[in-house]
Amino acid sequence: MATDGENGRHQEVGHKSLLQSDALYQYILETSVYPREPEPMKELREITAKHPWNLMTTSADEGQFLSMLIKLINAKNTMEIGVFTGYSLLATAMALPDDGKILAMDINRENYEIGLPVIEKAGLAHKIEFKEGPALPVLDQMIEDGKYHGSYDFIFVDADKDNYLNYHKRLIDLVKIGGLIGYDNTLWNGSVVAPPDAPLRKYVRYYRDFVLELNKALAADSRIEICQLPVGDGITLCRRIS
């Protein structure tokens, strides 16, 4: 029987993939993801890899998943909270029809501008409205205006984990019935099942409780159907049903 080491199993919490085998994850990337990755996304992925915070980016397999998902639900009006250099934003923009729209929000425009030339070169900038700054005040204003209720087909959240529940309380009103909200990092480096004495990085330990709280709240929310998947760092899809 092969040992854990022989199977390529990883033990450290905080791994690039939740799969237990590096070789298996690489197989997925090289067989099904990279060969079908559009050239603009490949270019942006390679640019982002040079960024000191490159771990913040959406993985290539998750980008592929988001693209497929958006096409399956025929999304047209979307929102993204947490943009970084824009890899997931680019995946969304490429999947939307030509008249599709994305409201994209991030506290750091500088990172967004790293990917913006790629987005512009791909002819997709017209689909994106970028707002710099905290998202919560924008969401509160949209709800107060009244005209945005139930207007979004798809919303992707990959931002400050300590505000995920605050986002959910607002986004549930903005997504349409039958629409989807995707929360990223809901398995949080695998730390959601780590023992109390696990050697977690400081930021992983800090945000873990917020992720656990979110997961519990989503599971109890009767307004949505949920599906949590081990794609990337874990993504939970919430389909609004009421």
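From the backbone N, Cα and C atoms, a Cβ is placed for every residue, glycine too.
It should be emphasised that the depicted structure is a prediction, and the values quoted were computed from it without experimental measurement.
There are 23 other CB atoms within 10 A of the CB of ASN189 (substrate binding site), with all protein chains counted. Under the heading substrate binding site, Swiss-Prot lists LYS16, ASP158, ASN189, citing similarity to another entry as support.
Swiss-Prot lists THR58, GLU80, GLY82, VAL83, SER88, ASP106, ALA135, ASP160 with the feature S-adenosyl-L-methionine binding site, giving sequence analysis as the kind of evidence. The DSSP secondary structure for GLU80 (S-adenosyl-L-methionine binding site) is strand.
According to Swiss-Prot, the divalent metal cation binding site annotation covers ASP158, ASP184, ASN185. Secondary structure from DSSP puts ASN185 (divalent metal cation binding site) in coil. Under 8 Å, Cβ to Cβ, and six or more positions away along its own chain, ASN185 (divalent metal cation binding site) finds ASP158, LYS161, VAL211, GLY232, ASP233, GLY234, ILE235.
ASP160 (S-adenosyl-L-methionine binding site) and ASP184 (divalent metal cation binding site) have their C-alpha atoms 10 Å apart, to the nearest angstrom. Each residue contributes its Cα atom, and for VAL83 (S-adenosyl-L-methionine binding site) and ASP184 (divalent metal cation binding site) those atoms are 12 Å apart. Other Cβ atoms within 10 Å of the Cβ of ASP184 (divalent metal cation binding site) number 25 in total over all chains. When the Cα atoms are compared, ASN189 (substrate binding site) and ALA135 (S-adenosyl-L-methionine binding site) turn out to be 24 Å apart.
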